Amino acid sequence: MAQQAADKYLYVDKNFINNPLAQADCGAKKLVWVPSTKNGFEPASLKEEVGEEAIVELVENGKKVKVNKDDIQKMNPPKFSKVEDMAELTCLNEASVLHNLKERYYSGLIYTYSGLFCVVINPYKNLPIYSEEIVDMYKGKKRHEMPPHIYAITDTAYRSMMQDREDQSILCTGESGAGKTENTKKVIQYLAHVASSHKSKKDQGELERQLLQANPILEAFGNAKTVKNDNSSRFGKFIRINFDVNGYIVGANIETYLLEKSRAIRQAKEERTFHIFYYLLSGAGEHLKTDLLLEPYNKYRFLSNGHVTIPGQQDKDMFQETMEAMRIMGIPEDEQMGLLRVISGVLQLGNIVFKKERNTDQASMPDNTAAQKVSHLLGINVTDFTRGILTPRIKVGRDYVQKAQTKEQADFAIEALAKATYERMFRWLVLRINKALDKTKRQGASFIGILDIAGFEIFDLNSFEQLCINYTNEKLQQLFNHTMFILEQEEYQREGIEWNFIDFGLDLQPCIDLIEKPAGPPGILALLDEECWFPKATDKSFVEKVVQEQGTHPKFQKPKQLKDKADFCIIHYAGKVDYKADEWLMKNMDPLNDNIATLLHQSSDKFVSELWKDVDRIIGLDQVAGMSETALPGAFKTRKGMFRTVGQLYKEQLAKLMATLRNTNPNFVCCIIPNHEKKAGKLDPHLVLDQLRCNGVLEGIRICRQGFPNRVVFQEFRQRYEILTPNSIPKGFMDGKQACVLMIKALELDSNLYRIGQSKVFFRSGVLAHLEEERDLKITDVIIGFQACCRGYLARKAFAKRQQQLTAMKVLQRNCAAYLRLRNWQWWRLFTKVKPLLNSIRHEDELLAKEAELTKVREKHLAAENRLTEMETMQSQLMAEKLQLQEQLQAKTELCAEAEELRARLTAKKQELEEICHDLEARVEEEEERCQYLQAEKKKMQQNIQELEEQLEEEESARQKLQLEKVTTEAKLKKLEEDQIIMEDQNCKLAKEKKLLEDRVAEFTTDLMEEEEKSKSLAKLKNKHEAMITDLEERLRREEKQRQELEKTRRKLEGDSTDLSDQIAELQAQIAELKMQLAKKEEELQAALARVEEEAAQKNMALKKIRELETQISELQEDLESERACRNKAEKQKRDLGEELEALKTELEDTLDSTAAQQELRSKREQEVSILKKTLEDEAKTHEAQIQEMRQKHSQAVEELAEQLEQTKRVKATLEKAKQTLENERGELANEVKALLQGKGDSEHKRKKVEAQLQELQVKFSEGERVRTELADKVSKLQVELDSVTGLLNQSDSKSSKLTKDFSALESQLQDTQELLQEENRQKLSLSTKLKQMEDEKNSFREQLEEEEEEAKRNLEKQIATLHAQVTDMKKKMEDGVGCLETAEEAKRRLQKDLEGLSQRLEEKVAAYDKLEKTKTRLQQELDDLLVDLDHQRQSVSNLEKKQKKFDQLLAEEKTISAKYAEERDRAEAEAREKETKALSLARALEEAMEQKAELERLNKQFRTEMEDLMSSKDDVGKSVHELEKSNRALEQQVEEMKTQLEELEDELQATEDAKLRLEVNLQAMKAQFERDLQGRDEQSEEKKKQLVRQVREMEAELEDERKQRSIAMAARKKLEMDLKDLEAHIDTANKNREEAIKQLRKLQAQMKDCMRDVDDTRASREEILAQAKENEKKLKSMEAEMIQLQEELAAAERAKRQAQQERDELADEIANSSGKGALALEEKRRLEALIALLEEELEEEQGNTELINDRLKKANLQIDQINTDLNLERSHAQKNENARQQLERQNKELKAKLQEMESAVKSKYKASIAALEAKIAQLEEQLDNETKERQAASKQVRRAEKKLKDVLLQVEDERRNAEQFKDQADKASTRLKQLKRQLEEAEEEAQRANASRRKLQRELEDATETADAMNREVSSLKNKLRRGDMPFVVTRRIVRKGTGDCSDEEVDGKADGADAKATE
C-alpha cells in the first residue's frame, strides 16, 4: 500500500497521456495558448487569421477573442502532457513550460527535470516519497530509468564523484519558502543511507546518525518563522560530506554564513525569533525552569510577538528531539546546560530596563532583578555588570575614564551584547558539530558539498541583512548562468565545434559590481566600509554618497518620492528591492561594550568564558566613537591593526565559497514557491512565471536542446563503448580520436547527434543514455553467453564422469555374473581349498628370510640412532650459528638500506643543485645577452639623443616664434571653444529630431535653397516681412512652449527637492499658522487686558480696591495650587514608600527564618512602618484640616462681602447707571473672553501637538534647511543653464521653422512606406519558407539606412552652418516684422498639425518595425524548435531502423530457442508444483513465528512501561528530598549572608570619606604604571633588537643557502603580523581608555563634591542605621557563636574521621594477620567491618555537613550584598521623605501666616468698597484666574525651553572642546604608533632571519647526527667483518663473553673491538 501511495506521487498516469481521442481533438481544434490575466495562459482554438491579429475561441467558456499573433504560443500534443523532462517538449515556450509544471503539481508530481537541472515546487504538505524503500529504488539507478526526484540528482552526483573522481556540489536555489532546506535534508538522508559502511538501519554507524542529527540542531538554533516560511533558514550553510576511495562517508564539515542575529532581539509582526527560545520555554520541566530562571512568554521583551505558534508543530516535542539530537552528537550534559543558560540569559537581557534621570541625561537602573538573573546565569558579578553598562571604563588617550551612559547608549549596549552572545553560542555549536563529524582517522578522497543558503527576500522595507542575502543569491544565480550558458559555449569553442555563440542576456555582473566593486566607482559595500572610518559619518551621509557614486548605474534607482520610506532601490534578478539604510554603519561595524566582554571572559562559568575567549578582537564602543578623523577615503581596506567590518568578512567568506563551488561540478536544484499563502494544491501562475524567467529555466532548456550537454573523453569513450563495436578498430590502434570516429561510424549515429572536439566527443541530450542502454544489453548478452559456455562445460564434465561410472558398473556386473556361474563348479571349489595350503609352505621359508633381514635392520637402526644423536647435536650447533649469521645479515642489510637511502638523498640533492646551477648558468647567459643587447641599444639611444638635441635647438627657436602666434590664437580658440560648446548643446537638443529626419534631410536642404532663392527674387520686401513675422511668431510661441517644457524638466530634476520642500513647507506652514494663531490670541488677550485696565483706570477708587483684591485672591489660589501640588507629591512619595515597605516586608518574610530574634526584628520594623504611616496620615489630616479651614474662612469672607454688597445697593442708587454701563461692557468682554478661551483651547491643543512634533521635526527641519539651501544653489545653477539653453533654443527654432515648410513632401514618402509595410505584412504569412530572403533584405535595408544616416549627418552639418548665417541675418530683420503676427500664427498652426500627423505616421512605422522584429524572433524560436524536433525524428528513425535489424536477428534466434524453452518449461512446471507445496508449509510456519514475535513485543512493551512507572516514582521521591535539602541550605545561607552584611554596613561611611583620596592615588599610580610599562617595553624591544642584530651578523653567511625555507619563514611572518595587529589594537585601546579616563577623572572630581554633600546628609541617617546595626550585631554574635560551635563540631568530626581511618587501617592489618585463627577471628572481623562502615557513614555525613555549611556561607555573602543595596535604597527613600516633610512644614507655616495677613487686610481695608462691586468681581474672577494660570504655564514652558537651549549650547561647546582634544591626542598616538610599527617590523624581520638560521642549524645538526650514526654502523659492520676474517665468529663471541661476564652489549662490543685491534697489531 505504501509503495502504491508513493507511485502516485512519482509516476505519470500513462492512460491519460496515450488517449487517442485527446490526440485527435487537439489536432482538429488547432489548440494554442493565449495570454490570460488570471491564469497566465489559457487554451484556445485558432479560428481565423486577419492580418496581424487572429480570432481565437477560448476553450473554457467558448468566447471569441481577437489576439495579436505575436502573443499566441503553440500548444504541445497531449502525449507530452506531464512530461518528466521539459527538454522533450516539441514547442518550447513559457506557456508550455508553465502548463507542464502546473499539471504535474496538481497531480502531486513536484519534481520535474528541466534539461540539466531539476525544478521543485513546494507542495506545502508531506508526501510519502522519502521512505527507505524509495531510497533503495533510486540507489544505483541511472537518471532516465527513474522518475524525477531529489534522490536521482543526489545519486548522479554520487556516481559521477565515484567514476570521475571529481568533487561535486548540489546547489539548492530559490526564494525564501521554496523548500531549499527540506531538499537539503533529503540529500543528506540519501547520502547517509547509500554511502554508509553499515548495510542496515539498525547497524547504522555513529557518524551517519550524527550527520542526520546535525540538521535538527542547526534548525533549532538558526531557523525561525517568517511571513513567507514557517521554517526559514536565517543563516546560510555549506555542508561538505567527505568520502573515501570506496565511497563511504568518512566525515563532514559545516560552514555557516551570515546569521541574522538581530532576530534574537526583535521580530516583525507575526514572526518568531529562533525556534530554540520557544522550544525551551515550552519543553523545559519545572526543575529546569527553576534552574534557568525561566518565565512566561509575555514577560520577555525580546519576544516581540509573544507566543506565536507554528501549525502542525509542538514546541515541547521539538525540545525533546533537539536534546536527543545533541546527545547523539556527543555534546555532554554540562555543555548542554551551558547552552540553555546562555539562551535564558539572552532573554533576561531584554528585561533590563533603563530610565533617564531627572536632571541629567545619565541612565539609571531602577530595578536590577533582571540584571541579577543575567549575572547568575552567565556567572558574573552584578555590581561589575551594572557598572560596566551604566558607567563603562573608556580609554581616553593613555588613561581609562569611567563615562556615564545615556539611556539610548545603555539600551544599545544591552542589545549588542545579546546579539553577540547568541552569535558566539551559535558559532561554538557549529564548531562542536564539526568536531563531532570530523573525528574519524580515515582520509577523504573527494567530497559532495550541499549548499543551503537563505533565499531571495523582498519585504516592504529591507535592511543590511537582506542586502547580504540578496547579494549571495545574485552571486549564486550568476554562477548558475555562467555554468549553464557561458562555460558550456566556451567549451564548445575551445574544442573547435561548429557553434554560434548565443547571448541569452542573463549576465548579472552589473548588479554584483554595484554591490561589491572595490573602486572605480566603489560599490555599496565598499562605500559602507569607507563611511565606517569617518567619525561624523551617518546613515544619511552614506546614502548620499551611494547616490552620488552610483546614481547613474542601470541597476540603481532613487526613490520616486521623499514620502517613500526607502533610501534607495536595487534592481536584482528577482525584482526591484527597496532598502532602508537605518543603522547600517553600526551593523557593519558591530561594536560591543568591551567592559562587559572582558567581564564575560572572566566568568566563573567555563562555557561562557570559552565563548568570549577572543575578547581582544572585538570592536569596542570607544573605538567606534574615537576613530581618527584623518582616515583616508581608501582606508576601508584591511590593514594592520584595523578592525574588519561585517561586510568585508562576509565578502571574503562568499569569495571562498564561490571558489569552492567553481572547483566542483555543480548540480542545480531550482526550488519554486507556488503561492504566498502557504496553501497546498494552489499555484499562482504569474508568481511561478516570474521565478522561471529569473532563474533562466527556458534558456537552460533551450541550450540543453540546441547544445551538446553530454561529453566523454576519447579514451574513456573507447574503453566504455568498444564492446558495441567489436571489430571496428584494428588491434594495436593508438590514436584515440580516430578510434572514436571509427566507433561512431560503426554505431551508425546521425551526424547531427554528435560532435568530435579536440579531446572529447560531444553528444546531444539522450544519446549517451541510449548508448548506455545498448551497452547494458550487450553486456547482458555477453554474460548470458559466458554463463551458457560455463554451464556447457560443467554439463560435459558431468557427462564424462557418468560415462566412467557406467563402464565401471558394467565391469562389476560382468565379474559378479562370472562368479555366480563358477561358484558351484567342483574344480573351482578344489582350487579354492588347495591354493591356501601352497601359500603356507612358501610362507615358512619367507619367515626365516624375514627374521634374518630383521636382525640386520636392527643393527642398522642402532647405528642410525647413534648417528642421529650426533647429527642433532651438530644441528643445534649449526642453528645457533645460523641465528647469529641471520642477526649479522639483518644488521648488514639495515646498514646497506641506510647507506642506500643516504646515497639516494645525496644524489637527489646533487641533482637539485645541478639543476639550480644549470638554471643559474642559463640566467647568466641570458643576462649577458641582455647586457650586450642593452649596450647596443644604449649606443643607438645616445646617437638618437644627439640628433634629438640638435632638433631641439632648432625647434626651440621655432617655438619662440610660435609662442607669439600661440598667444593670438588662444584668444581665437577660446571663442571657437565657446561656439563649439554652444553647438554641442544644440546638437544634443536636436538629436531626437535628427534621428527621425536623417533620411530626408538632404532633400530638404536642396528644397530650402530653391525656396529661399524664389522668395528673394519674387517676394522682395513683403515676403521678407512675412517670413520675419512668421519666424518671430514661431519663435515666440516655441519659446513659450519650450520654457514650459523646461519648467517641467526643471520640476522633474528637482523632484527630490520639491518633495522635501513640500514637506518642509507644510511643516513650516503649520508652525507659522500656529505661531500666527498664538500671536493673534496673545495680541487679542493683551488688547482685552489693556481695555480692562484702561476702563478700570478711569473708574474710581473702588475699582483699584477690586484689582488689589483680585491680586490677593490670585495669590491665594496660587498658594492653594502649590499646596495641592505638594500634597500630590507627598501622596506619591507615600505610595512609593508604601510599595517599598511592602516589598521589603515580602523580602524579609522570604529571607528570614521563623526564629524569635527574626520575629522581633520584623515586629520592630513593622512598628516603625506603622509609626511612619501614622505620622504621614496625621500630617495629611492636619494638611486637609488647614485647607478646610482656609476654605471656610474664604467662604465666610465672600458671604460677608455679599451682605455688604446688598446693603450698599440700597444705599448707593447713584452708581446704578455706572453699573449698567459696566454690565454692558462686561457682557461684551465676556463674549470676547469666551471666544478667546475657545480659540485658546484649540490653540493650546494644537500647541501641545506641535510641541511634540517640533522635537521630532527639528532635526529633520535642520537637515531640510541644509538640503533646501543646496537645492537652491542647484536651482540657481540650473537657471543659469536654462538661460543659456533658451538662447540656443531660440536659434534652433528659427532653423526648424524653415524646415516645417517642406514637410509636405514627407506625406508622399510616408504613403510609400505604408504601402511597403502592407507588402511586408502580406509577405509575413510566407516567412517560414522565405526566411533567408527576409534576412538578406534586412541586411540590405540596414546598409542603406547606414549610408543614408552618414549622408544625413554630412548634410546636417552643412545645413547647421548655413542656418547659423541665416540666424544672424534674421535677427537683424526681426526688428522690422512685428506687424504681421496673426497670419504667421495661422501658418504656424497648420504646420504644427502637419508635423503632428507626420510624427504619428513615423511612430506607426516604428511600431510596425518592432512588430516585425517580434514576429521574426518568434519565428526564429519556432524554427529552432522545428529543427530540434527534426533532429529527434531523425534520431528516432535511425534508432527504429537499428531496432528493426536487431529484431529480425533476434526473431530467428528466438525461433530456434523456443523449442528448447518448451521442453524446459514442462520440467520447470513440475518442479514449481513441488516448490509451491513447500512454500505453503513454510508460509504457515512463518505466520506462526510472526504471531509469537508480536506477543513477545507486546509483553516487552508492558514490562518497559512498568519499569518507567517505577523509575518515575523513584525520581519523585528523590526530587522531594532534594527540594527539602535545598530549602534547608538556602535558609542557612541567608543567616551567613546577614553576618557579612552587618560587617560591611559599619565600614560603609568610612569608605565614602576615603573614596576621593583613593581615587586620586589610584589615578596617579595608574599614570606612573602606564609610563613605566611603556619605558619597559621600549627597553626590552631595544635589547631584543641588539641581540637579534648580533645573531643576524653571525648567521648571514648561512642564510644564503636556505632559500627553500622561505615559505616557512613567510608563515611565521604572517603570525607575527597578526600579533603586531593585536599589539597595535591594544595600544589603540590603551590610548583611548587613557583619554576617557582623564575625562572620567574630571567628572569624578565633580561627583566627589556632590558625594561630600551626600555624606553630610547620610550622617543624619547613620544614627538610625547604627541602632539597627547594634541589633544586627547581637544577632551576628549569636550566629558567630553558632558558627564557632559548628566549626568545633567539624574539627571534632575530622579528628574522629582520622581516628576512624587509623582504627580501620589497624583493624585491617589485624584482620590480615589473624586470618588463620578460625571462627572467632571471622566474627571479630565482621564486627570490625561493621564498625568501619558506621564510621565511614559518619564521616560522609560530616563531609556533607561541611559542604552544606560552606554553601550557606556563600549564600549568606550574596544575601548580605543584596541587603546592602536594599539598605542604601531605604536610606535614600528616608532622606527624600524627610526633605519632603520639612518642605511641607515650611509651606504650612507660610500658608498660615499668609491667611492671617489676608484675613486682617480684608476685614480692615475693603469692607466699604467691596459691597458695591462684588457682583462684577464674582463674574470676572473665574476668567482672570484662568488667564493667570495660562500665563504661568506659558512662562514655565518658556523657562524650560530657555534651560534646554542653554544645556544644548553647553553640550555643543563641550563636544567641540572634546573633539579638539581628541584630534591632538589622535595625532600624537598615530605618530607613536608609526614609530612602534617601524620598530616591530624591524624586530620581526630580524626574528625571522634568526628563526630561519636556527632551523637551518637544527636541520644540519640532525643530518650530521644521522651521518655520524650511519658511519658508526658502517665501522661496526667493518669490524665484525675483520673479526670474521681472523677467527671464527662463534669462537670470538665465546671468548668475549667469558672475558666480559655480566657486561652490557655495548661493553662487549667495545672489548671485542679492542681485541680485534690487538690481533691486528
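Backbone N, Cα and C atoms are what each Cβ position is placed from, and that goes for glycine too.
Since this is a predicted model, take the numbers as computed values, not measurements.
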Matching range for Swiss-Prot feature annotation, region 'Disordered', among 921-953, 1746-1778, 1878-1910: 1878-1910
Residue from Y721, Y754, Y1461 to which Swiss-Prot assigns phosphotyrosine: Y754
Residues of the domain 'Myosin N-terminal SH3-like' (27-77) by DSSP state, where helix covers H, G and I: 6 helix, 30 strand, 15 coil
Other C-beta atoms that fall within 10 angstroms of the C-beta of K975 (N6-acetyllysine): 10
Other CB atoms, at most 10 A from the CB of S1114 (phosphoserine): 17
Rounded Cα-Cα span from K1846 (N6-acetyllysine) to K1460 (N6-acetyllysine), Å: 116
Between K1846 (N6-acetyllysine) and K613 (N6-acetyllysine), the C-alpha gap once rounded to whole angstrom: 46
Candidate modified residues K613, K975, S1114, K1405, pick with smallest Cα gap to K102 (N6-acetyllysine): K1405
Minimum Cα separation from K613 (N6-acetyllysine), reported as the residue among modified residues K975, S1114, K1405 that achieves it: S1114
Pairwise CA distance, S1114 (phosphoserine) versus K1405 (N6-acetyllysine), rounded so that it is a whole Å: 88
Within the region 'Disordered' (1878-1910), residues counted as helix, strand or coil by DSSP: 33 helix, 0 strand, 0 coil
Spatial separation of K975 (N6-acetyllysine) from K1405 (N6-acetyllysine) - C-alpha basis, Å: 43
K102 (N6-acetyllysine): tally of other CB atoms within 10 A of its CB: 19
Position of peak Cβ density within 10 Å, selected from the modified residues K613, K1405, K1460, K1846: K1405
